[in-house]
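As annotated by TrEMBL, transmembrane segment applies to 21-42, 62-82, 147-170, 190-206, 213-237, 264-282, 294-314, 334-354, 391-424, 430-451, 458-475. Residues or ranges marked as domain 'K+ potassium transporter integral membrane' in TrEMBL: 23-496. Summarising the annotation, TrEMBL assigns domain 'K+ potassium transporter C-terminal' to 509-765.
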Amino acid sequence: MEYSGVSPPRNPSQLSWARNLILAYQSFGVVYGDLCTSPLYVFPNTFIGKLHKQHHNEEAVFGAFSLIFWTLTLIPLLKYLLVLLNAHDNGQGGTFALYSLLCRHAKLSLLPNQQTADEELSAYKSTDTATSSPFKRIFEKHKRLRTVLLLLVLAAAAMVIGNGVLTPAISVLSSMSGLQATEKKSTDGELLLLACVILVGLFALQHSGTHRVAFMFAPIVIIWLFSILFIGFYNIIHWNPKIIYAVSPLYIIKFFRMTGQDGWISLGGVLLSVTGTEAMFSNLGHFTSVSIRLAFSFIVYPCLVVQYMGQAAFLSKNLGSIPNSFYSSVPDPVFWPVFVIATLAAIVGSQAVITATFSIIKQCHALGCFPRVKVVHTSKHGQMYIPEINWILMILTLAITIGLACMIVMFITTFLMALVIVAVWEKSCFLAALFLGTLWIIEGAYLSAAFMKLAEGGWVPLVLACIFMTAMYVWHYGTRRKYSFDLHNKVSLKWLLGLGPSLGIVRVPGIGLVYSELATGVPAIFSHFVTNIPAFHKVVVFVCVKSVPVPHVLPEERFLVGRVCPKPYRMYRCIVRYGYKDIQREDGDFENQLIQSIAEFIQMEAGDLQSSACESQSYDGRMAVLSSHKSLSNSILTVSEVEEYDETARQSSKSMTLQSLRSLYEEEYQQGQVRRRRVRLGLTQQASRGMEGSVREELMDLIGAKEAGVAYVMGHSYVKARKSSSWLKKLIIDIGYSFLRKNCRGPAVALNIPHISLIEVGMVYYV
């Protein structure tokens, strides 16, 4: 039985076994590339330092294999397959999926832009009960605990990003090390040059999208797994069949008795055998728990165990071959085919880690924890490419030429899973403590051993993770303070009502879309604009684009539309909601979908008022969920397509100045580009026939304003710390947050807003 706040969109029990087998096949190239290439470097990194010099015997090799076997059994097999895969968030996995579940069930989000209407999303379903658990009350009461939890999640995300730097380097270099096992041994410089060429090519191909070569990934990993399986069987039979007895945990006890502290330090190398395990959980959204369990239980796990067993059998009789144990154990007749397959498998494993890095950054950005970056979606299945991050990863990977980052992620995931057991599954605290204590004892031993390698290069992932985590927290803190300023300085509704329908200014034809992060109230940039320029559009729509703590929001639940003031004011609010895995595309159809949603709201509101026979006075609270993909046959508006820049479209503008500016814009920027689609809206005869005069008038005003033109109004903010703030806050806001804002993509670019229609309002935020 799977425990979760909601059922996944693809219920594994409803899928045929054939479908699960296909998904299991596809998972090899996406999920297991990193994990399956670990045999290239585990034993050389385990037998280092004093352990290699002083405990150079068969018993130590047997003990090391026993450690590897039980590490593979306890962490990937028992922890991830049996427990964590059940804690999905609508079919999504990973650290942010666990955090999203906790935010919904225990109100742990620090950004106060969530609304009651968000809880009505079909993907939001929580298990709130009348009797709240002590855990929920403690976290909801103490903001510092919620901040600590966020820092842990950001630390895990930062470690994943750091892993995206280190894994390509160590995987490709390890696969290239086979050239030093041949008769013509290559030098370290030649290996480094060849590895750099492969890495540059790998990162350079990211822009084309992995889906173009993804069909090759699964066969490569499968061939690699069966190759190391047969090599493992050969080495067991040929060198030392007694290695099979080392699966007993008694050999672990003997190993530590013999090696002492040196054996404990060697755990840092043993944990490399489970690098990439987190991918089984984080990539759950692309597959199903059944398919991932099938692939690991019946193929990956047996192949890896047999390979490690075979390597140990070989090393027990060839102790001098430990520095290059894998390639030394490969029989000569199959050396070169295995070398080629190993190199390809290392590239596949590196690609999987790079893709995971892009995905975690996208999720961080959706939750307000990462600066705006360009996200290019290379396929319809969620694969993406982030140019800035791609080149940063490449530069850092080439400069570094791992286990600590991997174990910290697992350590934090175990803690979050214990919270899910209490808050989401609503099990006893004793069960959560038992789960947490058992795994933390095991993982704590590996983590402490990994920290012993800080001086030998283990500090690199920590430094990278600290840099990324600091940047993410500074961005989240600055965003939170900016939102708090907006919330406390929003325009009073009484002030607007006192101005009358004209707002005391000139209302010109057109629609003004005022973008803000506020989900309620009127943002300060609106009053700032009309105070300095006493004119605004006849129709005003306050637009808020926000992320909600669910993976996906259905298109029919995307728009939340309401009215801000009475009807004569022609002021509306539209909240556009996305999940943290959704593709945010504010393309040319966004305007038309928005206008259609407002029109549907006007008609729906008129029908509700007729049935209730009274009008609600709560103008900034009455909102309705409307589909962003409503069928045109069911819409009250007719749609006709015309060219964006033809003569008819030009004449629809009421301003000669705007026409001349548009002409200049076309000549300078539109040459050689695809023309944008323009639609003309009108009322259907069927809808207009039985419609009230006031409703028809409001809809015609909306259609006329759309024909006159749409302008986008956004705040160009300068965020500064108050003079009375502490030096730390000034450092974070004035230097850190300002640096990130200046060097990230602007909100208009991120939302794909045309420059010809953009109006920016400058404001200074003293937070």
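Note that Cβ sites are derived from N, Cα and C of the backbone, with glycine treated the same way.
TrEMBL annotations: computationally assigned, not manually curated.
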Residues from the same chain, set at least six apart from the ends of the transmembrane segment (213-237), whose C-beta lies under 8 A from its own: 25-30, 32-33, 36-37, 39, 205, 243-244, 299-300, 302-304, 306-311, 313-314, 329-331, 334, 337-338, 341-342, 344-345, 348, 351
Which of 21-42, 62-82, 264-282, 458-475 contacts the transmembrane segment (147-170) most, counting Cβ pairs under 8 Å: 458-475
Candidates 62-82, 264-282, 334-354, 430-451; stretch with most C-beta pairs under 8 Å toward the transmembrane segment (21-42): 264-282
Seg_contact(the transmembrane segment (62-82), the transmembrane segment (430-451)) with at least 3 CB pairs under 8 angstroms, min sep 6: yes
Per-region confidence, the domain 'K+ potassium transporter C-terminal' (509-765) (mean pLDDT, whole number): 75
